[in-house]
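Single-structure report; data block below.
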Amino acid sequence: MDMVVEAGIIKQHLIDPEICIRCNTCEATCPVNAITHDDNNYVVRADVCNGCMACISPCPTGSIDNWRTMPLVRAYTIEEQLTWEELPAELSPEELEAAGVSGASAEAAEAPAQTQAQAAAEATEPVFNSAQYGASVPPWSAAHAYTNLFPPKTPTTATVVGNFNCTEAGFDSETHHIVLDFGVVPFPVLEGQSIGIVPPGVDAIGKRHHARQYSVASPRNGERPGYNNVSLTVKRVTEDHEGDPVRGVCSNYVCDLKVGDTVQVVGPFGSSFLMPNHPKSHIVMICTGTGSAPMRAMTEWRRRLRKSGKFEGGKLMLFFGARTQQELPYFGPLQSLPKDFIDINFAFSRTAGQPKRYVQDLMRERAADLAALLKDGASHFYVCGLKSMEEGVVLALCDVAKEAGLDWDTVGAALKREGRLHLETY
Ligand SMILES: Cc1cc2nc3c(=O)[nH]c(=O)nc-3n(C[C@H](O)[C@H](O)[C@H](O)COP(=O)(O)OP(=O)(O)OC[C@H]3O[C@@H](n4cnc5c(N)ncnc54)[C@H](O)[C@@H]3O)c2cc1C
Ligand code: SF4
Ligand code: SF4
């Protein structure tokens, strides 16, 4: 028996490309950066993953919970995994035997241990990692969320009952408010959850398009109360993250839908980015662009509760950023919400003749109010929008806490443990 191989057996951590909806949650969660992706697949680096399981429960689809017993020297490489369209089967006992792995040692295989490089990296000065503060549990008073009722292999159908541009018309950037009706199909959602839309057709290599995820913008009892419908806030992608022209497959499809069209929907997804329900809870919402969708859902639910006299008045505070006022979805309706109901702060980064302002600048300006909220265990913080905003926002919270004499390590850990700081950036 080859003892070198015997000593090098792992349970290799793999992601099922047929079920994964490419939501990026795992990559944002993994504390050791073991997960990476390209336009095709999300994959796990065998030599970095230490099997800590931090990514398992936040994954909305379960596609990340896959493990294969492998001789270490034959572990699937990143390059191999990126080309997969389905997971490879477990190696048979004969194949493992041929690779020098006995049945007993295959059963004893463990997830890979930390590599020396990783351990060395951790021994140096820790870098600020905003994702480590994001909670993977919901607030204690959140309602129960249903997830994965329609997994990627078995989508359901919804009918478009509304579609309008909710940014100012005539500008390059366009964001649509889409209303989908599920008829008699059960599709219960809560504020903060998302759904997947499967664009029709196939990609450049003839593979069925994977679903794109969109946050629900309507409250739990529907865009139109009492109807089985949800709304979405979808930005038309016309340039990629680098600013090069591109035609986003799904966002353009959704923005061009007509009333009466049908769409394939998967989900719902998400069981932690949920709002608190106890009446004295405070909600701080920090968002850019379409990150406003879950904030609209939460605000509207609180507005409906208040209207029906069922709310005792926890605070609502919103920090909302966009390049210009014209690009800001729902700008008009937001203006008409009563000031004693919601404290709204806008940041525009490209207004002609004005200095650039980002959401984190506004947060620092409102440090006194935010510090008071950070001291209050009934406060919940939600961050949603561009990936690039996340670190600045969490750093701003950290600085606000420190300036108020709070120990950020204690506050940050409590926010995470108690499901009171939620990050959803894409
Ligand atoms: C949890 C979650 C919630 C989301 N909620 C929303 C939402 O409420 N509203 C919404 O509009 N989108 C939302 N998204 C993003 C959405 O899922 C898609 O990524 C987006 O619509 C682009 O898909 P596409 O098929 O049009 O582009 P693709 O064809 O997939 O991509 C085309 C190119 O554009 C780049 N790209 C992808 N997304 C963007 C972007 N947003 N800006 C710039 N370049 C991009 C890609 O990297 C690629 O190079 C969410 C994503 C996640 C993970
Ligand atoms: S198990 Fe832990 S180390 Fe491995 S990919 Fe998941 S979060 Fe990262
Ligand atoms: S569906 Fe799961 S495995 Fe796929 S990107 Fe999202 S969290 Fe990761």
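For all residues, glycine too, the Cβ spot is worked out from N, Cα and C.
Feature annotations, reproduced from TrEMBL:
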type	residues	note
DOMAIN	11-40	domain '4Fe-4S ferredoxin-type'
DOMAIN	42-69	domain '4Fe-4S ferredoxin-type'
REGION	99-123	region 'Disordered'
DOMAIN	153-275	domain 'FAD-binding FR-type'
BINDING	S215, K235, T290, S349, R350, K356, G385, L386, E424	NADP(+) binding site
Close approaches to the domain '4Fe-4S ferredoxin-type' (42-69) from elsewhere in its chain (Cβ under 8 angstroms; 6 or more beyond its ends): 9-27, 29-36, 75-78, 81-82, 87-88, 90-91, 96, 101, 106, 109-115, 118, 136, 147-148, 151-152, 194, 267, 269-272
Non-local residues, at least 6 beyond the ends, that sit with Cβ under 8 Å of the domain '4Fe-4S ferredoxin-type' (11-40): 46, 48-52, 54-55, 58-64, 66-70, 75-76, 78, 81-87, 109-112, 114, 118, 129, 131-132, 134, 136, 151-153, 194, 196, 210-213, 266, 269, 387, 423, 425-426
Among S215, T290, the most crowded of the binding-site residues [Cβ within 10 Å]: S215
Pairwise C-alpha maximum, in angstrom, for the residues (S215, K235, T290, S349, R350, K356, G385, L386, E424) that bind NADP(+) according to the record: 27
Cβ-Cβ neighbours of E424 (NADP(+) binding site) (radius 10 Å): 25
Sequence-distant neighbours of R350 (NADP(+) binding site) in its chain (C-beta under 8 A, six or more apart): R323, T324, K356
Across the domain 'FAD-binding FR-type' (153-275), average pLDDT on the 0 to 100 scale: 94
Cβ packing number for G385 (NADP(+) binding site), 10 Å threshold: 26
DSSP-derived structure type at T290 (NADP(+) binding site), helix or strand or else coil: helix
